[in-house]
Structures are given as C-alpha cells and as structure tokens.
C-alpha cells in the first residue's frame, strides 16, 4: 500500500466517523452547512484570565444581538471553548475547535503563547484566526501566517505611545521602568524604552520582578525611591496590577513619583479592586469608557443595559472582531482562510467605539489615548485627558 | 549613602512582617502534619476560603468590630471544615502518606472551583480595619501600618501556640500523640476526638490566616496555589511537624523573599526554591525536623 | 493483594498445564487485540481523536517513567515534569535550529533528560518520603524558572514555538495518522525498555528498596547508587516522552515542566495503580481525556471534574485501575 492509498483510506474512514458522529462533512467544507458560519470563540473560562474571557464573550454576544446574529448572509453559530491559563489547555481547546467542531473561524485568545502555539495548526487547516486580545508582536509580524489577524493591540504599540508622550514631559531625573519578567513585559519595556530614549528621555533604572510569583513589590519600590526617578512607567495586568498599584500607594510612592503605565494597569475590574490607590495613575490605551463620541456612548449604554457592568477594552476588541468578520463575510465567496483574509486586506477604515481604525498589515493602526484615573460619583473611571496620536504595529 | 541603609532597613522590617504572616499561614499545616501525619495539600484552598470570608464580611472601610467578626466567622467555618476533612481522611489512615496527600489535593481542586463559582474570578482586594489603614514613616520612607500589626499578630500567635503545646493538658496530649500514637489510644484516650479537634484547629488556623492575610494578598483565583507553595516551603525548611521550625522557617523565608530579592534582583525568581534546596541539601529533614523519618 | 497472593501459588503448585496454558492464551489474545487496536486506531478515528491519542501516548510514557520511581522504588516525585520539559525543549530546539530527523531528536531528548536527571538526582535521592517530594518540587520549580528566564533559548513565557513537523528519513509526518504511528512506535520502545528494567534483577533490588530500605542496605546493596540509577532511567524516559510531546504539540512552554504537569502525572500514576506500568498508561489516558477532551467544553469547569476524579479514585480504587482489574502485581510478583 503506498502513501497515497493510505492517506485516502484514513481520510475515508475518518470521514465515516465524522459524518455519523458529528453530522459534519470532512475536509474543507463548512460545518454549519449552507448559509451559516461556525465560529469557535476561544476565551479563558477558567483560571486567572477568566474575567477577561467574560468581557470578551459579552462583547461578542452584544454585537450579534444587535445585528440579528448574522455576518453578511451567514447565520452565526458560536461554539465556546475554554482557553484556560496557557497553551496546555488553550492549544488543546483550539485543536478541538478546528478538528472536532470543524469551525470556519477562530476568534479570541488572551494568552500570546496560545496564539503562537497554534500558528501551524491554523496554517495547515487554512482557517482564519482573529485574535481579539493577545498582544505579542510576533503573532502578526514577519508574515508568520496569512490567516492570523488581530483586532486588539501589540504590547510594544501601547508602550511606544506612552514612551513618546513621557519624553515630552519635563522629567530631568529620569523615568524608572518596571514590568514583570516575561515576554509581554519585555516587549513593553523594549517598546517604551526605544520610543522614550529616541525622543530624548532618560531612563533612571529598570526592574523586572518575577512574573506570577511576586506578591510583594517592596524591594522594587525601594529601588524606585533610591533611583531619584521623577516618574515610573509600568506594565502590569490582572492581580499583579492590583497588587502593584496598591503597594505603590501604601509605601508612599504615589505622592512622590507619579505612576504611568500601559492601560491594562487600570482597566476594567482591576481598577475597582485597586480602589482609591489608583487615583491619578496615568495610562495609555486605545479605548476608555469615557471616550466622548456617539459610537462609544451608544455602545456603553447598550452594554450596560445588557450586562449591568461597564464595558472594557477586552469587550470592545471582541465586539470589533464580530464587526470585522461581518464586513469580510459580506464579500467573501467562501469561508476558508484565503477567502476571508483576502476580504480583510481589502477593508477600509472601520468605525468602532474606540474610534476609527484600520488594519496596518494584520494588526490595528489606531489612535492611542492618555487616560487618568478619576473618581466620578464614587466610582473610578479612566478619564480621557489627551490623544497621543495614531500608532500601528510597526510605526 | 543613607538612603541605601534606609531602604535596607525597610527591607529587613518588611521581611519580618512577611515572615510573621507566613508563620500564621503555615502553622496550621505543620500542626496537622505533626499530629495527624497528613500533609494537607488543601491548606492553600482553605486559606483562600478564609480570605474570601474576610472580603465578604469586611466590605469597604471595615471597623474593628467587623474585622473581629470576620475572624470569628472564619474560625468557626475553619473548625467545621477541619472536622469534616478529618472524617474524610479517616478511612485512609492506614494507607500510604501519598494517598492522603492526593485526597487533600483533590479536595483542594474542588474547593478552589467552588470558591470561583461562589465569588467569581475577579481580583478582590480587602482594606485593613480603618484604624490600621494608612502608613507611617519608618527609616525615611512610608510603611503600611497593617504590616506592623501583622508582626504583633504573628508574635502573639507564636506565644499562644507555644503555651498551649507546652503548658496545658491538651498540649501534653498533643505531644504524647506525636511521640507515640498507639500508646495514647492504649491508655484510653479517644484518638478520633483528638484527630477531629486537631484537624479542626489546624484548618481554622488556615482560614483565620486568610482573614489576616487578605489586606496584603487580597483574594483571587490562583492564590491558593501560591499560598500552598509558600506554606510548604516554610514548613519543610523548618522541619515538617515542628512548630518552632515553622516559626524559624517563616522568618527565614520572609527575609529571603524581601531582602534576598532586593539584594539579588536578577535571581529573584530563584531565591525561594534555591533557599529550600540549600536547606534540604544541608539538612535533609529541615532545620528542626525529627531525626526519624516517616515513610510515604 | 491478599487474594492474589493466595491464588497465585495454587495455580503454580497445581502444575496443571491446562489452566496455566489457558491463561497464557487469554493473555496473548488480549495483548494482540490491544496492539491491533492501538495500531488500527487512526484508520477508524477522526484526526482530532487520533491527535488526542497521540498526546495520551506521550503522557503515558511520562507516567510509566514516573512509575519506575513512585511505584517500583518508592520515591514519589513532584518534579518529574522537569525532565519531560528538558526533553521537549531539546528536541524542539534541535528541530528548529538544526532540522535534524525525528528519531535523532528523540535520542537527544532521551539523553538530555537522563543527563539533567543525573545532575540533579544525586541531591534528591539522598532523602525520602515527603522530603523527597518537596526536594523534587524545588528542583522542578528551579528548572521551570530557568525555562522562563532563559529567553534566548527557550523563548520564555511565549514558549518555543514554530517547531517544524517531525521528519523521518526526510519524509514529514504532518498527517496525524502517520505521526500517531511514529509516536506509538517510540512509546512501545520506551515502554518495553522500562518494563525490562523493572523485571531485571536491578528492578527486583529497587522493589526491595521500596519495601525495606534498611534491610537492602544491610544486605550490602549500594542503595544510593541504585536509587540514583532509577532516577536517571526515569529521567531518560521522561525526556523521550518530552520529545514525543513536542513532535505532536510543536510548541513547548514553561508550563510543560511546571508544578501542574508534575502533579497531574503523579495523579495519573496513582489512578492507574502505582507499581503497574500499564496502569500508569490508563491513568495518563484518564487525565489527558479529562483535561484536553472534555475539559475545554465544560464552561471552565474542567478543574472541578479533575478534582472529583481525584477524590473518587483515592476512595474507590485504593490500588488504582490495576487494583480493580485484580491483576496488579504481575510485574511485582514476577
């Protein structure tokens, strides 16, 4: 038996199981049948990232609800899978969505390692992956895959916006840079430092405490105090953001050395956990609930009406992922990765609650905002204090 | 440079405060192991339950009364949960240590999942009682008052545990049980009641530690593993089953976690387990471990 | 255990060829059926099931190698995933940067697992019981941190991604069915080698250490050397399993050698019944199925299911799946 025959045999018997077991067709066809598109929503439902997953799911559901549950002519059939905390669960879940559920498109992903870990799988399946959060530059850089697009940000993009801004402030004592010691932290530090020093800023010192195992930032805070820095730039998210901002305040630095950061530092539920300790923290991000635009106020109102909670950047990114897919599927003649990618590359400017943005390569080119945490009627918000200009993945 | 000296002083002080916090959260683990021969891997999840109780009861700007109420609720819940856990472990008494440890690991997974269902996956932060909120100036920088309070709590707890174990009849029974379990039951003491009581006390210490620790570590999914690992390192460094060892181990690890990290920032991620490995290489049973080993 | 101990001599002493012969025939038929099922699986299963089975095999070999420590020698390790990760990183790095053939990468992964186990094992095997558990946890966590921090080689927290599809003699095995057979073949070799070790006189000495270490020492056995050798062989098996994992997964992340993986594989060994190698394989299958197959579809309640499985197994199956099947101890009794 030669290889071709063997392959055919496998394909054939595999198809037998697929038809009898799952009711789908084998191979390139759509699982949802004529007129429907099956989307795998890969979001964390367990573990430390699950609050982000919840926001993403809400953004996705809200768009579908507002738009009759269809992308173009296609009925949308959403299958949710749990990304968990990392590739061990996330890659397996993606495989389930692609091979078992036979989804046409994968949307979501919080953890960059999951996105990077399924590049080959996506390429081989020739399906579209629309990343709605994960920020590693490599996901959409250097043409790793024609099928992977992103509606969120890159870690360096957000950090560069802040670096360029802080270089314009009068900080002669320099800026202290702190981020957790992992890939995203390093990208943020590199992006910030490059933009900041290119524009004439001075770095007073840098710390990268261990990621995920640091409960106490006092050693770092002591070093910031001793460095003589006039401001701190930080990149933290989730529980680390809460701990860092609170301790920054408890150890008395908040009054002496103003705290700046990438927007995840004070985004969403993290901000309410930080409480008053977060007031006056300044961050850069491509969204805030406080953006003054009609698109945003309509969105915020609808979101709060549906979920009794304020939206977050994670919800907007996934909301936009649905909007982008809708645009693409209006023109696409098939549901494979090539057809949808072709449509995506032809898209013009997209309207969104975050403001207008477009694809720069396969990642957004978008406006960045300077946000300052303020207490409004007893609740904390990221007030928009300035625009920092438009940034893409590479420029 | 005086500011360097000052920041080292702050690190030392902070190490002391973290050390006493570690002692409160590790002492229950070592007590249960010393008395019951059970390595309770659900200790971290139980701590987290205590932290959530603290968050739930205390709310924003808690008063002393509310703080004490949270401690009381946590203690009661802990006693009941500990009693239940001791009944769960009872049938496995004759089985290898590993089986009992794995049972508690399973309980830990289930409990953590139940907590996530009950309290959500958001990060919860807890304010200290308002009298202890804020910071004071120490060695040229501000230092949170609550952390100074934790030093007092840890000291008081150490004294209480010492007095109970060394000076009371209950303590005598505990020491006798550690020394020779069969003999104690042979002279007519109901071993089961002692088991349930000690298990209850050990677990209650974990939930109470959760309330004390909440203003520092907060409450969130995943904290259970962080705390379990820290507590395990502390009691293994000190010598499993030894209360004195838990205290010394906690103070040592407290310094390692703060002073060590500030002296060697580039090796920060290695200091904790590096210290554990060093201690075990030098003293394979920990600093105050019993010379005769227990077989798994 | 008792029932078995009394039954076995009866069968032996009866000396009757018929029952013994019949039992052998049953065993052979069972074995052949099992092998046929394993080999034939990709012909009937869809690609996703085939891929899951491939992961089960890699994880099963890891569990088997750990069982050599836990069940046979009596050394419960929480850090065994470290050598699994070392093997996976080694094979992944060589495939990316040198592009070597699959079997060579597996060999390198095996050697790497053994070398790192030798370098760290001499520390661990001096202790026993809970302290061994903690020391292996510490070693595992230190290696986990190395994987996190040594970004130029491992890729840090994003993992080592972009591992090319395994090639054998220049032909690539991108098809899940071919890859499954390749992994099955390597698993078979690894399994049989470890089984040989267990059944040798060396294996008997390890069981002696498990049952009564002071006695073995008194009899003049170099206990430290034996334990270290067992640790190194287990490390080699874990390294090979890591090489198989990366062949399937094509990404390695620090999580693959972390505490969770170490705890899960220990669970697999206990579910299966410590001391029986095939039981460890079943345990691994249960764990991988719960985590990878059912877990993602449970709305985030995968860990709950795992916890319940844990508790049930400890209570209901004191000697694991093998104990329930009632043929545990074949390896031990032999």
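Even glycines carry a Cβ here, placed using N, Cα and C.
The transmembrane segment annotation in TrEMBL covers B:12-34 (among others).
Outside the transmembrane segment (B:41-58) by six or more residues, the chain places 25, 28-29, 32, 66-67, 69-70, 73-74, 77-78, 81, 85, 101-102, 104-105, 107-109, 111-112, 115, 118-119, 124, 126-127, 129, 203, 206-211, 213-215, 217-219, 223-229, 231 with a CB less than 8 A from a CB of the stretch. What TrEMBL lists as transmembrane segment is B:41-58 (among others).
Proximity of distant same-chain residues to the transmembrane segment (B:64-89), defined by a Cβ-Cβ separation under 8 Å and at least 6 residues beyond the stretch ends, is recorded for 36, 38, 40, 42, 46, 49-50, 53-54, 57-58, 100, 103-104, 107, 128-129, 131, 195-196, 198-208, 210-212. According to TrEMBL, the feature transmembrane segment maps to B:64-89 (among others).
Residues or ranges marked as transmembrane segment by TrEMBL: B:101-120 (among others). Under 8 Å from some Cβ of the transmembrane segment (B:101-120) lie the Cβ atoms of residues 38-46, 48-49, 52, 55-56, 85, 88-89, 92, 219, 221, 224, 228, all in the same chain and six or more residues away from its ends.
The transmembrane segment annotation in TrEMBL covers B:145-165 (among others). Remote same-chain partners of the transmembrane segment (B:145-165), defined as residues 6 or more beyond its termini with a Cβ less than 8 Å from a stretch Cβ, comprise 14, 16-21, 23-24, 27, 31, 128, 132-136, 171, 174-175, 212, 215-216, 243, 247, 250.
The feature transmembrane segment is assigned by TrEMBL to B:196-219 (among others).
TrEMBL lists B:225-251 (among others) with the feature transmembrane segment. Within the same chain, residues 15-16, 19-20, 22-23, 25-27, 29-31, 33-35, 39, 41, 43-45, 47-48, 108, 154, 158, 161-162, 165, 178, 213, 217, 272-273, 275-276, 279-280, 285-290 sit at least 6 positions outside the transmembrane segment (B:225-251) and bring their C-beta atoms closer than 8 Å to a C-beta of that stretch.
Annotation comment: TrEMBL describes B:263-282 (among others) as transmembrane segment. Sequence-distant contacts of the transmembrane segment (B:263-282), counting only residues of its own chain at least 6 positions beyond either end whose CB sits under 8 Å from a CB of the stretch, comprise 230, 233, 236-237, 252-253, 256-257.
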Worksheet entry | Beyond the flanks of the transmembrane segment (B:12-34) by 6 or more, those residues with Cβ under 8 Å of it | 40, 43, 47, 138-139, 143, 147-148, 150-151, 153-155, 157-158, 161, 178, 198-199, 201-206, 208-210, 212-213, 216, 227, 230-232, 234-235, 238, 240-243, 245-247, 249-259
